[in-house]
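Below: the structure, in structure tokens.
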Number of protein chains: 4
Amino acid sequence: MTSTGHDVNSDALVQSPDSKHPANLICSLCRQFYGHGWVTGTGGGVSIRHDKHIFLAPSGVEKELMQPEHIFVMDYASREYIRRPLALKSSACTPLFLAAFTLRGAGCCIHTHSQWAVLVTLLCEAGMQGRKGVFEISQIEQIKGISRGGTGSTEIAEGGRKLGNLSYFDTMRIPIIENTAHEEDLKESLEKAMLEWPETCAVLVRRHGVYVWGKDVTQAKTQAESLDYLFQLAVEMHKLGLKWT
Amino acid sequence: MTSTGHDVNSDALVQSPDSKHPANLICSLCRQFYGHGWVTGTGGGVSIRHDKHIFLAPSGVEKELMQPEHIFVMDYASREYIRRPLALKSSACTPLFLAAFTLRGAGCCIHTHSQWAVLVTLLCEAGMQGRKGVFEISQIEQIKGISRGGTGSTEIAEGGRKLGNLSYFDTMRIPIIENTAHEEDLKESLEKAMLEWPETCAVLVRRHGVYVWGKDVTQAKTQAESLDYLFQLAVEMHKLGLKWT
Amino acid sequence: MTSTGHDVNSDALVQSPDSKHPANLICSLCRQFYGHGWVTGTGGGVSIRHDKHIFLAPSGVEKELMQPEHIFVMDYASREYIRRPLALKSSACTPLFLAAFTLRGAGCCIHTHSQWAVLVTLLCEAGMQGRKGVFEISQIEQIKGISRGGTGSTEIAEGGRKLGNLSYFDTMRIPIIENTAHEEDLKESLEKAMLEWPETCAVLVRRHGVYVWGKDVTQAKTQAESLDYLFQLAVEMHKLGLKWT
Amino acid sequence: MTSTGHDVNSDALVQSPDSKHPANLICSLCRQFYGHGWVTGTGGGVSIRHDKHIFLAPSGVEKELMQPEHIFVMDYASREYIRRPLALKSSACTPLFLAAFTLRGAGCCIHTHSQWAVLVTLLCEAGMQGRKGVFEISQIEQIKGISRGGTGSTEIAEGGRKLGNLSYFDTMRIPIIENTAHEEDLKESLEKAMLEWPETCAVLVRRHGVYVWGKDVTQAKTQAESLDYLFQLAVEMHKLGLKWT
């Protein structure tokens, strides 16, 4: 693991007085997500792509206690760790975060175990609302917080497809993939969903949670919030006997 | 946009050590509203009228991270921006806030995407409780936190109409208007609702949220809280099979 | 009002570096209760009896912003205000707090507009659970956090009645009184309930909230918490089709 | 009580500038658990085993106000208190915490009154889901946050039984024991459950709450969080008509 020749514990990569440094941002996001109930019991994760590096929250660390020294750093081109805290395990979400960076040009990817995300996958699975493989909702103002493709970047436009954020009259569709025994085994189906659903900003994982991305931290985070709002609203709507579309 | 001759970035308008300065108040309110789940994913907004100026939270900024330098300032008389942060977009809610200032003499207007507000509009729309175009609730103590007209000002009295706050035995009625594709397009129907419902302190927007105002920040904020309490209580009452009136 | 000869604005009565001073305690309790959703929109209140004085949160002040200079002080013996912030209105709850001090020997009384309290009164009113005039629950561990009479003081024992806290196998009963148009008009029925229900630590007010007391701040506050836990649990039990007793 | 010859108030045992000192950890955990609604009204508790000592939160202290000087310290070998704050009562949970240390080799044990824990015991009792004496759930990702036996230690392996954390396809089973009038009387049935359910990390107490343990503070706390997540999810699933297994 140190055969790469890189300094595996270079603190300079994660120590900065700048609150916008990716290592600091991951820590503040983790604290905030803990408060939302998204990363209970060390679940979930966050990754930021910055310049040539990928910054990753580790596995098994309490999210509200995350510190910059816990952060892993990977070289994006070579996929090799250039900082790897020896006492910690890298996140099993890593290949999934990389999928968002590679296939969508994302700059940040967030994984939550939000109960609202899990509950909408269960309602879809049971055929109670939506469809088995997709969560659908329409005509709710908060849908406008969601960008096509997740990053809303012009680069991904093709064939005259519309860009930018969804409008109020659009139906938001988030694909749902099956969960697997090991998180890293989600890679193939997550990548498949990204390719088959070019307009989605997220992939739900049945009985597990959601992956959401954006071109940068702000877009990924605000989209994660808007989606979670929509998941929670959908569950409450179902309790009240209201249809999602 | 700079053709007005005004200094579009005058920091002096928003920089003050006084925590009661409108620019500071907007920031602290936004943080607080984020904690309530009212302004998830950059949704919602706040505006304060102070002397000859209108202070406005911008579009697209994470509400819990709002800083005074993000605040837009408009001259109330001319409706021209006298401070306009170049990197930011003005809020699409601006014409709606202006309606509250102009038609109601409000000093502060708050717009939230509270899920409870959205859910009561859905229940009314479905004919499950209330009426299609109006949310009604009566005999709940918290109704006493709501003033007639939203500002309770004597100026709006006419024809011997009662002033001051609602009493426990009054029925509170909040009109519900249809949502539109673009927020600014709500202006006409919001103004119409304000004129047709002179006693309301707020207008609900179906599948979207609520606009609430008051003569000053304290009244607008405490009315927004009392209303949200009533919306949440109404949803819980409906789940338990209890009638609102 | 100043005819009493007392200094109506004596700051010394409410200014202290001691965090346990009643004026400081009222402020910290109000902030905490705001976080619980108990005092939304300036609703609810708190009062502490200390030595010969009664300290009272004022009417109409945002609870999370309460400062010692906002606190009213009354002389317990004469019932005259010895500190009365001129810009503020005294709390309409004052006669109700006094009832707890006088009839129960309480040292602190808390009034909340908790939605859980309101919802259990609605369920009892509708005959869905409990009885019309009383909330009843049994065999829940948290009942053990409730003292007989509210203060658990030996002074109130008579006729061999048991003292101390309720046990797991006791049924907790909290009387429910009707709401009135004006808060001060609750005085008579609240006092009547206190006399008729010598074991209760609280009185529920239909469609309004709850008054809870204790021999000191700690007991009043922890009983308010235990009761609110039981009210919330009762509402959730009802949603799940479970009986309270 | 002081006949043991030990210094019953040795402050050195609980005063440390190190935030990881057990006395400091108990205080920060108690504040955090208060925020989760796990230790309302002084309910619940925490204990840490460290070297030859057991550190215990006392009875009757508001958890969010807990200070190191409130902490009891017991000598693990002799079971005698070596620090006992004179004004406080020791926790009635003490024999139950000791069971986790003795029978499971735990380093930390947490007791909560979480409403979600109480509600799942009520649903099981009523035969609505699960089985009368056991809470069961399967195929939810968060189950992977739970270790076999609670500590995942190799010491408890026998007969080729699997070790480590549960996998996604395992069914998590948490035994439910009956509540008793006095907390200390739970000792026998809790120990029996620990012996009969070697894979459990926790024991639910009907109409009361849950005991959760781990080899250290981090494992006990993250397992308490994962369990509470699963209890809450289970209650929400039941409301939506979804089965737990």
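One-based numbering along the chain as shown.
Just so you know, glycine gets a Cβ as well, placed from its N, Cα and C.
Just so it is clear, the model here is predicted, and its values are computed rather than measured.
Taken from TrEMBL as is:
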type	residues	note
ACT_SITE	A:Glu141	active site, proton donor/acceptor
BINDING	A:Cys93	substrate binding site
BINDING	A:His111, A:His113, A:His208	Zn(2+) binding site
COMPBIAS	A:1-17	compositional bias 'Polar residues'
DOMAIN	A:24-235	domain 'Class II aldolase/adducin N-terminal'
REGION	A:1-20	region 'Disordered'
In whole Å, how far is A:Glu141 (active site, proton donor/acceptor) from A:His113 (Zn(2+) binding site) when you measure between their Cα atoms? 24
I'm trying to understand the geometry here, so how far is the Cα atom of A:His208 (Zn(2+) binding site) from the Cα atom of A:Cys93 (substrate binding site), in Å to the nearest whole number? 13
Report, in whole Å, the straight Cα-to-Cα distance of A:His111 (Zn(2+) binding site) from the residue listed as 'active site, proton donor/acceptor'. 24
What's the number of neighbouring CB atoms sitting within 10 A of the CB on A:His111 (Zn(2+) binding site)? 31
Are there recorded positions in A:His111, A:His113, A:Glu141, A:His208 whose CB lies under 8 Å from a CB of chain B, and which ones? A:Glu141
Near-D candidates in A:Cys93, A:His113, A:Glu141, A:His208, the recorded positions, by Cβ under 8 Å: A:His113, A:His208
C-alpha spacing of A:Cys93 (substrate binding site) relative to A:His111 (Zn(2+) binding site), in angstrom: 8
If you draw a 10 Å sphere on the Cβ of the residue listed as 'active site, proton donor/acceptor', how many other Cβ atoms land inside? 20
On the 0 to 100 scale, where does the mean pLDDT of the domain 'Class II aldolase/adducin N-terminal' (A:24-235) fall? 94
Return the residues near A:Cys93 (substrate binding site), defined as same-chain residues 6+ apart in sequence whose C-beta is under 8 angstroms from its C-beta, sorted by sequence, else 'none'. A:Gly45, A:Ser47, A:His111, A:Glu183, A:Tyr211
I'd like the Cβ neighbour count for A:His113 (Zn(2+) binding site), meaning other Cβ atoms within 10 Å of its Cβ, all protein chains included. 27
I want to verify one value. Collapsing DSSP to three states, which class is A:His111 (Zn(2+) binding site)? strand
Helix, strand or coil at A:Glu141 (active site, proton donor/acceptor), per DSSP? helix
